[in-house]
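Reading through the structure tokens given below for one structure.
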Amino acid sequence: MAVKGKVLRVRGPVVIAEDMQGVQMYEVVEVGKDGLVGEVTRITGDKAVIQVYEDTTGITPGEPVVGTGSPFSVELGPGLLSHIFDGILRPLESIHEVAKSPFIKRGIKVPSLDRSKKWEWRPNPELKPGDKVSGDDILGTVPETPLIEHKVMVPPNVVPVDKAATLKWLAPAGEYTIEDTIAVVEYEGKEIELKMYHRWPIRRPRPVKEKFEPVTPLITGVRVLDTLFPMAKGGTGAIPGPFGSGKTVTLRTLAAWSDAKVVIYVGCGERGNEMTDVLVNFPHYKDPWSGRPLMERTILVANTSNMPVAAREASIYVGVTLAEYYRDMGYDSLLIADSTSRWAEALRDIAGRMEEMPAEEGFPPYLASRLAEYYERAGRARIPGRPERVGSVTIASAVSPPGGDFSEPVTSHTRRFVRVFWALDASLAYARHYPAINWLVSYSLYVDTVAKWWHENISPKWKEYRDEMMSILLKEDELKEIVRLVGPESLSEPDKLIIETARIIKEAFLQQNAFDPIDAFCSPKKQFLMMKIIIDFYRKAKELVNAGVPVATIREAVKEEVAELIRSRFTVRNEELEKLEDLYARFMEKLSSLSP
């Protein structure tokens, strides 16, 4: 029996309703005559506090509030990829067709998945009537896009992963809509019809069998990220930075070039023109791993700053639920959230309207636990169903601290829960050094875990070279103060070599043009070769300096090769690595000729 109450008070996106006996926490309710979507966030006696995911302008006391009896859930099934949704997973293209308007009308109800489209269903050949099935067992597959084969699973909220149901019937191969029954199972004496889609509550993590340490790097094609501060598949990372430092471009680079199988891009409370830019450009980008259009592996959730504040909070959970769903199929999914600061501001706004006690800078006291809930849904895991498979959810989120202050609550709490911290620096951005990742503040706790992959697939010397590159950059930072005070002439010859090598690292390796067709994506092999040239140059030059050869002489001898190395970012394609091998040989030859 649906709960029926009425509006008592309206405070922006928060509505207080009375006569709500029997309503449950996080239950979805329809508010007002237009049936606006809301979620119960607090219950006191017969009163319920509801956060509404649509504009509440014009709602008056006394209007009806009707419970739906279920928590806020999203539809999971074929038809999610290559589409754009709003913060509560309503497809924007369908809304545009129904509303005949560029704006989302209040109370509009459009299903997330297309009910009329027919999909090519292929049943699992290993299953037959009478077999026992559990939650997350694969019933069959659907080619959702040319890149992704959608695996239709037994919903774990219909048949638990630790229980068994009997398969009564499995649909033969053919074309079906998502509303057609594709299997019938008997569980606890009841026959249950299964369809290609099911609903899942966004605040509830999907079950896993066991979680593993992430050991495979997420290859992004960005040299400073892959080599100095690597992210692992199943890892968590944050990109904090002040206004204009390049957060959105860095995240877009991750979405476009990373080797994740499925990318969910959540624009949470950011500007509408940034989301428009993604929409305009992504269909033209090609996936570097397959050559297919990028949209075939991407889901976009647009929840811009002019959309209702409450929907920002939901959009983050919607995104991570989609990522977990594709992880359960055995894929590596990447969730990109831009930005969690706007999400935290939405929490602050709603908490203020609910008259909750504020904590630091007005944020609610539970900010840290909400951030922890979100980041803990990342990970590499074994999925409980059959056939056995392993998938991962990687989370990379932007943080927008006001004025670039990393001590503010959202950034400081985020640092506790993420293992990769890519700190963007306004001074580097203003100096046109992009990506503006500060190598002195940033860190990655996955360096040792992903080193094995680099050693087995690229070179056993990867970690040795990477650590030496970091130590050169750290030494150069110590020397910069001396150079500022007394000039570079006062430095010893070994210190001058550190300064010169650090300059080459910054110009040839750390800087990267996200809009150049060649430099936008740098393969792991090219990254290693460029690093090898720089570090072996430094080692050989150090021997010469110790033998009495001045740094000025070394610089003059290899100036053409250094210029060519810097140009190689734009001139050497990922499949033309013999050019870098040739450049390495010329470097060593020139340096050998200087031996006293």
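Using N, Cα and C of the backbone, Cβ positions are placed for all residues, glycine too.
In sequence order, Gly404, Leu424, Asp425, Ala426, Leu428, Ala429, Ala436 make up the list of same-chain residues 6 or more apart from Ser245 (ATP binding site) whose Cβ falls under 8 Å from its Cβ. The ATP binding site annotation in Swiss-Prot covers Gly241, Pro242, Phe243, Gly244, Ser245, Gly246, Lys247, Thr248.
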Shell list (ATP; ref centroid = CB of Gly241, Pro242, Phe243, Gly244, Ser245, Gly246, Lys247, Thr248; cutoff 8 A): Ser400, Leu424, Ala426, Ala429, Ala436
Among Gly241, Pro242, Gly244, Gly246, the one of these binding-site residues whose Cβ has the fewest neighbouring Cβ atoms within 10 Å: Gly244
Distant-in-sequence Cβ neighbours of Thr248 (ATP binding site), under 8 Å, six or more positions away: Glu270, Glu274, Asp338, Ala398
Secondary structure of Thr248 (ATP binding site) (DSSP, helix/strand/coil): helix
